[in-house]
Amino acid sequence: MDLEKPQPLPSVITMIEKSTPTSESSSSQSITPCQKAPVTTTTPSNELQAQPQQPQQQKPVLSTLFLVFITLTQLVQSIPFGAGINAGLSIGASLDATPISSVWVVASYPLTQGAFVLIGGRLGEIYGHKKTMTAGCAWGFLGFVVYGIAIAIVPADEPVDPKGKVDWVGAYLGVAGLILFNFVWNQSPIVGWSSPYEIALLILSVLHLAAFCYWETCVASQPILPFNIWHCPSFGTLMLTIFFAFMSLGIFFWYINVYMQTIRGDSMIRTGVQMLPLTIVGSMAPFFAAWLVPRVPAQAIIGAGCLFMVTVNALLATIPADLTYWAMAFPAVLLSSFTTDLIVTSAQIIASNTVPAKHQGVAGSLVGTLLTYGLSTGLGFAGTIEMHTSEDGQNPLRGYHSATYLAVGMSVLSLGLCFFIRIPKDTREGWAHNETEGSGEA
């Protein structure tokens, strides 16, 4: 994978500032939606004074603090998922639910988040990302206080598409299709495929997703998901890599906790302590990923993350019942802390550098959608395998191993796809050039 190193993503502060317009050279070239348009500055010297001045740069301290707090929001959205994994079995038991049914405690949160990421990104483009983010303050008094301060001190951004419209029909078809498809697979281990509503809902979900593709491609004037984005170099391959990788990661997180609590008999507190390496090392992994970005090609970073994914799932798929925690469980938990940050960091860079500027928001939203949706959907596939291989619950470890072997296969597939990811050369700096004129509308 000998490719150009990707340009670092522009900061949030830089993106909200207006860039000075530049004029293109008279010999314009034909530009496809995924090609980068050459930029030449041919503005005459006597016109320079007539151009508006650049906005005053934000103070470095304020910019740094802003980026730190925005980054910490990623921790907030991960807390409910992690809490559900550790306490899922106990919550299910208190509700007289079987261990297989308890998977909904974990799957419900990433399902909901993943299904609504894409429409949330579109709302931000139309109404402004600040307004969209701070709308959550209605959920509680603490939100009013924290987001009230944010409203007062955070400068308003300029909406990317202020004259755009929300494709509500496409939003319904996409969200409904994703939720129904995920529900069917996570419910199948509980009721089995012999249940009539399982087949009916599966067909309904496929019809919704097919209708979504048709609507977005042929009908919608301003689609939520412009389908020409899939023609960009390696974009489809990247999305498949993310989806398979995080399906396998969701399976690992669930079954490592189930193994500790049901096979080893560990309490929730002991299980939480044994998962501490994930928290400690995981808090340092983003800095390691940030250090790698300017030094290593993004394809190599995402490949390393997928390789770690294969390793941790292989360890869990072969772990015996009576083995000490330090032999296989500890290395698996430790290495799993690198998977998410390496894959997400590189995926965002690749997605940004392979699509036009006007589609970068959609690309980022799609990465978030497949990330969280994969965490939830993989559990449904794994639960089906566990149900059919655990000998009616008499041999749970065999069922856990079989489910985790599915995760091994998914992670191997994601690793193989990494070899087909390519990043075109990109010499732009940030958002200096908007390709909407050259690339054409979606």
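Quick reminder: no glycine exception, Cβ is built from N, Cα and C everywhere.
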Stated TrEMBL location of transmembrane segment, expressed as one of 341-361, 362-382: 362-382
Contact between the transmembrane segment (362-382) and the transmembrane segment (197-215) (3 or more Cβ pairs under 8 Å, separation 6+): no
Result, the transmembrane segment (403-423) in contact with the transmembrane segment (235-256) (3+ CB pairs under 8 Å): yes
Long-range neighbours of the transmembrane segment (300-319), counting only residues six or more past its ends (CB under 8 A): 1, 241, 245, 248-249, 251-252, 255-256, 259, 289, 292-293, 328-329, 331-333, 335-336, 338-343, 345-347, 350, 400-401, 404-405, 407-408, 411-412, 414-415, 418-419, 421
